[in-house]
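Engineer: Quick one: structure below, then a few questions.
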Amino acid sequence: RKMPDKYLHDHHCGTVGTMDDYYDVLEVIRQASYEEIKASFQKLALANHPDKSNEPHAAETFRQIHAAWKVLGDANSRAAYDETLTNEDHVGANAEEVPLGDFERNGNIFSKHCRCGSSYEISQEDLDEGYQLVQCSGCSLMLSIVL
């Protein structure tokens with residue numbers, strides 16, 4: 001299933017993902033312990049490492065596994081992610097579609113002012129990883145970036 005991920009401000013700029021559900025990516029259930037998640041990450045990362053796998057999409061699979069681990073391997077990020085899963089249909093349905101061209105670019109960061117006075121921000125790295133939903137840093141409004 002697709003998920004919106006509040007992915008937090010500690011790594012990404014308030015972005016919300018459109019990648020597969022991170023629990024599915026790491027092949028664990030939502031109630032999995034940290035140790036179970038870590039063990040699955042290590043097993044999947046080794047099996048799908050581009051230097052070790054002959055699969056044509058190994059690099060992309062490895063990136064998804066790594067992105068899932070970044071969120072599920074950190075207690076705070078995981079808690080925020082779990083909260084967004086509860087509201088995923090609501091969030092995605094209410095996101096306004098906005099072309100990337102409507103964002104201002106400053107180096108590696110794209111930003112757009114929100115009506116609340118704060119802004120939406122997303123990095124080029126996030127866009128490259130497939131993220132298209134972004135939450136305002138000052139309110140709960142969401143934008144879906146049209147590339």
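Quick reminder: no glycine exception, Cβ is built from N, Cα and C everywhere.
Owing to the predicted nature of the structure, the values given are computational and were not obtained by experimental measurement.
Copying in the features that TrEMBL gives for the protein in this structure:
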DOMAIN    21-85  domain 'J'
DOMAIN    87-147  domain 'DPH-type MB'
Engineer: Where DSSP helix means H, G or I and strand means E or B, what are the helix, strand and coil counts for the domain 'J' (21-85)?
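Structural biologist: Counting residues by DSSP class gives 45 helix, 0 strand, 20 coil.
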Engineer: What average pLDDT is reported by the model for the domain 'DPH-type MB' (87-147)?
Structural biologist: 84
